[in-house]
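Undergrad: Submitted below is the structure of interest, expressed as structure tokens.
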Amino acid sequence: MNLQEILKEIDFKKGSDLIPTIIQDFYSGEVLMLAYMNKESLEKTIETNTTWFWSRSREELWNKGATSGHFQYVKSIHIDCDGDTLLIKVEQLGPACHTGHRSCFYTPLI
């Protein structure tokens, strides 16, 4: 599939031009984080083979690892059955969470 065909498969309109994106460790299967992508960040992710996201608080694109060095190298990208959520499997360098934890999901509730 080329980039335009990939973008046609994704329903960006449901989430105000943003889609939730689950980041999972390619090797262990551990869920590392959830972030949001728009078309531009998905295009940059595919072009660079590293994850790019849309920051809802800063309203700007950001490349995971650009500041910390904890890059995420894309191994595969999957779309869900409704076309409105992505699962990206990555090779994670260092911790995924800005707190220094491997995963953003380190706090158990139950």
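Here the Cβ of each residue, glycine as well, is placed from N, Cα and C on the backbone.
Per Swiss-Prot, the features are:
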type    : residues       : note
BINDING : D80, D82, D84  : Mg(2+) binding site
BINDING : C81, C97, C104 : Zn(2+) binding site
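Could you tell me the structural context for the features on the list?
TA: Within the same chain, the residues at least 6 positions away from D84 (Mg(2+) binding site) whose Cβ sits under 8 Å from its Cβ are I10, D11, K14, G15, I19, P20, listed in sequence order.
The secondary structure of C81 (Zn(2+) binding site), as reduced to three states from DSSP, is coil rather than helix or strand.
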Undergrad: For D80, D82, listed as binding-site residues, tell me which one has the smallest number of other Cβ atoms within 10 Å.
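TA: Candidates: the binding-site residues D80, D82. Fewest Cβ atoms within 10 Å: D82.
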Undergrad: Distance check, please: Cα of D82 (Mg(2+) binding site) against Cα of C104 (Zn(2+) binding site), rounded to an integer number of angstrom.
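TA: Given the Cα positions, D82 (Mg(2+) binding site) is 25 Å from C104 (Zn(2+) binding site).
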